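A quick write-up on the structure given underneath.
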Amino acid sequence: MPSAKSPRRKAPEPIDLDNPQYYFNRSLSWLEFNKRVLHEAYDPRTPLLERLKFMAIFSSNLDEFFMVRVAGLKQQVESGILQVGADGMPPAEQLQAVRQYLLPIVTEQHRYFDQELRALLAKESIFLTRFNELTPEQQAYLNDYFQAQVFPVLTPLAVDPAHPFPYISSLSLNLAVLIRDPESGQERLARVKVPNQFPRFVALPQHLHSPQGVHWLGVPLEEIIAHNLSALFPGMEIEAYFAFRITRSADLELETDKADDLLIAIEQEIRKRRFGSVVRLEVQRGIPPLLRQTLMEEMDLEEIDVYELEGLLCLNDLFAFMGLPLPQFKDPEWQPQVPPSFQRVEERESMFDTSSEITTLGTDYWEAVANELFSLIREGDIIVHHPYHSFAATVQRFITLAAHDPQVLAIKITLYRTSGDSPIVSALIKAAENGKQVAVLVELKARFDEENNILWARKLEKVGVHVVYGVPGLKTHTKTVLVVRQEAGQIRRYVHIGTGNYNPKTASLYEDLGLFSCREELGADLSELFNVLTGYARQRDYRKLLVAPVTMRDRTLQLIYREIEHARNGQPARIIAKMNAITDTQVIRALYEASQAGVDIDLIIRGMCCLRPGVPGVSDRIRVISIIGRFLEHSRIFYFGNNGDPEYYIGSADWRSRNLDRRVEAITPIEDPAIQLELKERLEIMLADNRQAWELQPDGTYRQRQPAPGEAERGTHSVLMARTLKDVQGSH
């Protein structure tokens, strides 16, 4: 008899990598990130005042989320846009999901602050108390403060047929007051804005502290106003009062390629922003339904837009407590260090008397110190890591020395965000006054920094700086400086290419990297990039730089697919990428293909991550962590194993569609072996973190790593601070 044939095994169905189930929604992923920020406020290992800071950061982040993301989703719904992202969730569904996810989180935040953090503060003699809990003497002091300081500033606004509902500014704190006319018995509504010219939390003087030894004792300003409402409405009965706050859309609607004058167009849009549509209403719990309904109707809001919360509103203002001189309740102070590579410059500088004003230092000083710095860069590439390394002693010094050095002919820089009293801008003004060619790209569309940047643009233009506002249709996000210097009869170009803004204030809080180099190819690339930004050049390729929106997407995909080829050929294949967010579908799909091919992938993503790790057959070999702590992780680092010949890159871009397609970005290769080793070690420290790292689970939640029993804590920030001190001390 013929033998029975064994049944043929059916080939597995190919996995559809475009299936929405393999992608997280970016709005919900962002909310997960902010939830990790809030966890720092709940974590008893976080110093007490730092816990208030994280409460404030969470609330401030959330304000921006509503002003931009929720406002954008609402606009899509109103415009009938049904387009969905890779996760397949339409805008209306996203708004519902945001509400469903967020309401319990903010409810718990307010409960925790009101019931638990306030008690913890009181235990440490920091009393944020209620007005009616004060002694008569303390109340009298605050009533006098109200009459002398606050009352003259207040403008109570009635709401009735003769007084239409007043304009409410975005994010302002207000009191809705229900008053009753005792003669007519008629109830009326009034609004009192809590002025922001005064401290939100009003401190009582030391002599009124009871008992003595109290660190701080104070009351929220709105409670002082509320207990003095009779002074604002004499002859009326105060029936009830409740705090409320609104959030308006802050998205600029600007067609940059159609604007004749971008600066004027943006100024006009900023003015319009004040009147953006209301996207959220926050009210104190217990507000009468009629009052709540009136506010909703006047703001044209639905139930989904209203958040009824316990206790204080606007917890952003808790930032103020970080100003208390109580170091025992804060993180140990960190002093950014001068990196060993820059200590030579410090030593050269110390040979001069620098006690006088910087403007009086002579040419011999500037020449000597600048020569030291530029010769240092000529000896080899240098990388600096902020805030471990001092921004003032490295990047700021580089720009300041270039501004004064007689041999420097030109300085070109991109400014995305800088500080209000920017020494960078001051140095650029000085460079122009010293007769150098100075070109500055000021990105006017840097969200919420538009007014600041307009101010600097005008100031720079006044002294003859060539100021440009970017490329039409694109936002310039690259962090680059080009210094052109005359040396021994030849021109040499020096560059700084970084991951963070040229902002001294955020440089002490944000973790960022910067490369100093005088490699000819990088200098040539940066010259051509600035020509694109300031002129009409259309550069299609670059020697070394990955530039968006020209080469970065294609080159990134090539690097991923090269690792796939190595894995398919049985060779080692590895990708490590650190950035703020990954949301681009094409890049995520390529990473899924890499995982399927056998490439080991570690992603260090602080914020949004639409990639779903750990899915069998799709992303088994992809691991994602997020590091949250005292510094904001902001650097972008990319490592590709390349079969034992690794390539490293740093730069300004995340793997998001906006960075790859709608922004001017620059990523530079790191080719110096010593710097490559340094980056590798720093990535390994982050991947080994068991204190600040959170692991992304396949269901979209995050699990915080904890040290095993008997294992020492390895927090990225504390490890790198200790390592920096050791490196600096070892170099002396």
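Cβ from N, Cα, C; glycine included.
Per Swiss-Prot, these features apply:
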BINDING   N61, Y510, R606, H634  ATP binding site
BINDING   R417, R447  Mg(2+) binding site
ACT_SITE  H477  active site, phosphohistidine intermediate
REGION    699-718  region 'Disordered'
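For the ATP site listed in the record, the two most distant Cα atoms among N61, Y510, R606, H634 lie 15 Å apart. A 10 Å cutoff on Cβ-Cβ distances gives R606 (ATP binding site) a total of 23 other Cβ atoms nearby, all chains included. According to DSSP, H634 (ATP binding site) is assigned to coil rather than to any helix or strand. In the three-state DSSP assignment, the secondary structure recorded for N61 (ATP binding site) is helix. Counted within 10 Å of its Cβ, the other Cβ atoms near the residue listed as 'active site, phosphohistidine intermediate' come to 25, all protein chains included. DSSP states for the region 'Disordered' (699-718), grouped as helix (H, G, I), strand (E, B) and coil, give 3 helix, 3 strand, 14 coil.
Other than N61, Y510, R606, H634, the residues of this chain whose Cβ falls within 8 Å of the Cβ centroid of the ATP site are, in sequence order, E511, N580, G607, L632, E633. For the pair H634 (ATP binding site) and the residue listed as 'active site, phosphohistidine intermediate', the C-alpha distance works out to 13 angstrom.
The Cβ of N61 (ATP binding site) has N34, V37 as same-chain neighbours under 8 Å, each 6 or more residues away in sequence.
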